[in-house]
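Copied over from TrEMBL, here are the features:
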type	residues	note
TRANSMEM	6-31	transmembrane segment
DOMAIN	6-262	domain 'Sugar phosphate transporter'
TRANSMEM	43-61	transmembrane segment
TRANSMEM	98-115	transmembrane segment
TRANSMEM	121-139	transmembrane segment
TRANSMEM	151-172	transmembrane segment
TRANSMEM	192-210	transmembrane segment
TRANSMEM	222-240	transmembrane segment
TRANSMEM	246-265	transmembrane segment
Amino acid sequence: MATYGFSFATTLTGMHFATTTLLTVVLKSLGYIQTSHLPKSDIIKFVLFANCSIVGMNVSLMWNSVGFYQIAKLTMIPVSCLLEVVLDNVRYSRDTKLSIILVLAGVAVCTVTDVSVNTKGFIAAVIAVCSTALQQYYVHFLQRKYSIGSFNLLGHTAPAQAASLLLVGPFMDYWLTNKRVDAYDYGLTSTLFIILSCTIAVGTNLSQFVCIGRFTAVSFQVLGHMKTILVLFMGFIFFGKEGLNLHVVLGMAIAIAGMIWYGNASSKPGGKERRSFSLPTSKTQDYAAVPVSSESVEKV
């Protein structure tokens, strides 16, 4: 879209969620999505985290170097791990922790180049990372808590996200680019690319909700770095080998090895467990929380 001068990222994201909303409405009317309930308070919290994530990432990319932006994205995995440990009482095995470190090291080697940071850019990055981690945590948490599917959750959250982003987006984009979205010259080609972007975004949104709902935000982040490696690899194949050197190849190899190790380590018993706590039912016992079981969170 930048090729055609359409630099209104926040407004475009609002269009993405509007398209997603339209699809969920159609599928619900056809009976493919069952009616479900999600409290408004949870919807508001989710939309707040999600919108802060979108705006924060856009601002972080504008105010920081690409290298620091990539470092900020890498910190999402440790932050997501921390959320699972604190909020879900998840415990990771040593191999799982080491495999995550290996993935981060590999991706850092092949993507992080120039690194420069300023105060406002650092603050934007912190907001972006924390809000993104919370949004992805809530995708898994809400599906598990209310036993709803990915499309059901999208059906609840996408309308609110679309409305809020389309309302705030034009002002946010004007602040970031000093350009008005309503003054953009919407030619045939650019309009077709906007429609294509919205169509692809539906699949992207759904795949995120499905992956996080089936596994967790941490697994989604680890798998997401495979996309980074594939983009680099396909870029070298189709657009020449400029920028391809030994440390990039080494970083890609380390990252892939870490992903394979993570899949194996996290799927083993004890690789990643959520420890459950319950109160004893006997009246003669003290009402203290006693660990009674542990269950595997996921299998990759």
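Using the three backbone atoms N, Cα and C, a Cβ is placed for every residue, glycine included.
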> Apart from its near flanks, which chain residues at least 6 from the ends of the transmembrane segment (246-265) lie with a Cβ under 8 angstroms of it?
Replying inline: 93, 95-96, 98-111, 219, 222-223, 225-226, 228-229, 232-233, 271, 300
> Which residues of the same chain, at least 6 past either end of the transmembrane segment (121-139), have a Cβ under 8 Å from a Cβ in it?
Replying inline: 42, 45-46, 49-50, 52-53, 56-57, 59-60, 63-64, 68-69, 72-73, 75-76, 79-80, 83-84, 87, 153, 208-209, 212-213, 217, 220-221
